[in-house]
Each structure stands twice: as C-alpha cells, then as structure tokens.
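Taken verbatim from Swiss-Prot:
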- 1-24: region 'Disordered' (REGION)
- 1-11: compositional bias 'Polar residues' (COMPBIAS)
- 39-103: domain 'CSD' (DOMAIN)
- 98-305: region 'Disordered' (REGION)
- 123-132: compositional bias 'Basic residues' (COMPBIAS)
- 177-186: compositional bias 'Low complexity' (COMPBIAS)
- 194-210: compositional bias 'Low complexity' (COMPBIAS)
- 257-272: compositional bias 'Basic residues' (COMPBIAS)
- 273-286: compositional bias 'Basic and acidic residues' (COMPBIAS)
Amino acid sequence: MSSEVETQEQQPDALEGKAGQEPAATVGEKKVIATKVLGTVKWFNVRNGYGFINRNDTKEDVFVHQTAIKKNNPRKYLRSVGDGETVEFDVVEGEKGAEAANVTGPGPVPVQGSKYAADRNNYRRYPRRRGPPRNYQQNYQNSESGEKAEGNESAPEGEGTNQQRPCPRRRYPPPFYSRRPYGRRPQYSNVPVQGESAEGAESQGAGEQGRPVRQNMYRGFRPQFRRGPPRQRQPREDGNEEDKENQGDETQSHACHLMRRYRRNFNYRRRRPENPKPQDGKETKAAETSAENTSAPEAEQGGAE
C-alpha cells in the first residue's frame, strides 16, 4: 500500500515539472526567457553594432546586437536602434546573461534606427541637383516661338523679326598661352613724347639701362639690353582682337614720327664727318687764290681789246 501511494505522489510532481518547462522554447539554440517585452534603448553604438535595452517591467539591462534586429528601418543602410527609442523584443539566455532577440518596434513595425546610421542612396534627404534635359532648351524656344507667332499674326512683319533675335553667345577669355607668349613681354610700356629731341632719346635710353630691370614672372628669362634707338615692333599675329581694336591712331602717329626723327638724326650723323669745318688760315688762303685767279683773266681780256 505504501508503495502505491509513493508512486501516485511522484506522478503529479513529474507532470508539474513538464508543465513548467513547456513555455521555455529555443530560438537558434538559445533558451527563451520572455517574449514580447517592451523596453527603452539605453544606448547603441552604430560602429560596433551593439548596445543595451532597459526593460520596462524589471528595469533590467539587456544586451542587444545588430543581428538581433528583425525589422530594420528600410531607409537605413545598417541595422541599428536609436537612443531612447521604445522597442519590443524577446529575452533569451546568452553566454554572459540575458540578450534581446527579434527586436522590432512597438507592434509589427520596423524600428526607427539611430540618427548616426547612414541612409541609403535611394532615400537621400537632399537629392542631387540635376540640370535640365538636353532637349529642354529647344522645346522651350519652340514653345516661345509658337506663342510669339500666335501673338504677332496681327502685327507687321518687321516687329516680328526684331523680337526673334538669337541669344548672344558668351565670349570667353583667350587661353593663357595666347595672352602672354613666352619671352615677348615688354619691359616698359611707356611711349616717348613727340617733342623730345635725339639727345633726349639717348639720355632716356641711358636712363632705362640704369634702372633696375623688372623681374619677369617666367623662370629662366633673361632680359636683353638694347643698343641704339628702339625698333618698331610688328603687330603679333597671335594677339587678341581686343588689343588690336584698342590701338588707335595716336600710337601709329607716334611710331611714324619716331621713325622719321631717328632717320633724320642718323643721316645727320653720317653726313657730319664728311664736311668738316675749315680752319681760319685755310679760308684766307683760299679767298686770296680765288681773287688772283679772277683778276688775271680780266687783265688778259683788257690787253686783247
């Protein structure tokens, strides 16, 4: 009798133990402690991919890894939860304590994610600015021309042609190599005045040689010292059109005057040594000989008569 009573007492104890073990399920070889627990994210490191969630019922901190997030924000590139965000999760038993699993938002919604997590390219906050399509300008001009044609049907033909003018093209500056060719930069841009004499030109040339030469911006450039009057430069073929337009009649008149003046001075210098000044004694002798020669023919003519 006693043995039968003991066996009957052991059977309810075994049934109670089995009933207590039924809610404990496994999630990927981990024992589930609780399900659908609400908690607040204490902190989460996006770079390392882990953080802690504080349970609202027991005020216990639960470890959470980014792989445990079940429904992530579709706009975020990485899985994460934001600091102070309310989430819903399951508590499982890990190697070092309680861990969170199946982390979602309150209800079957995705989590908001951390503000430090990178967004996907398709969900940019400020999209890139793209220019108008290629045929946008042609379509715009065609629409404008159509509207103008409808409005100018009653207007004369002259006014219609004046309104439809092509847009002026923008002029860009020439490249650097055509603006300043190598080794052709003038040292001084001052033009001499017309009223200066030859001596003034020579003194000016000497003064320019005495001045310190301006350093050219090009490395390895050696200035060439000029001797004599400066030569007239021919206009550059690769110069700018604007520079040619700015050259007026004044520069041409200055150049012509300088060429004439230097020619006159040069001829004067060449002729000067050919006709030296005669001395006083030679002048008196020449005058006496000329007087004697003139008197002798006159006397011969008188005797003949």
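Just so it is clear, glycine is given a Cβ too, placed from its N, Cα and C backbone atoms.
Predicted-model confidence for the domain 'CSD' (39-103) is 92, expressed as mean pLDDT.
Look at the domain 'CSD' (39-103): DSSP puts its residues at 3 helix, 34 strand, 28 coil.
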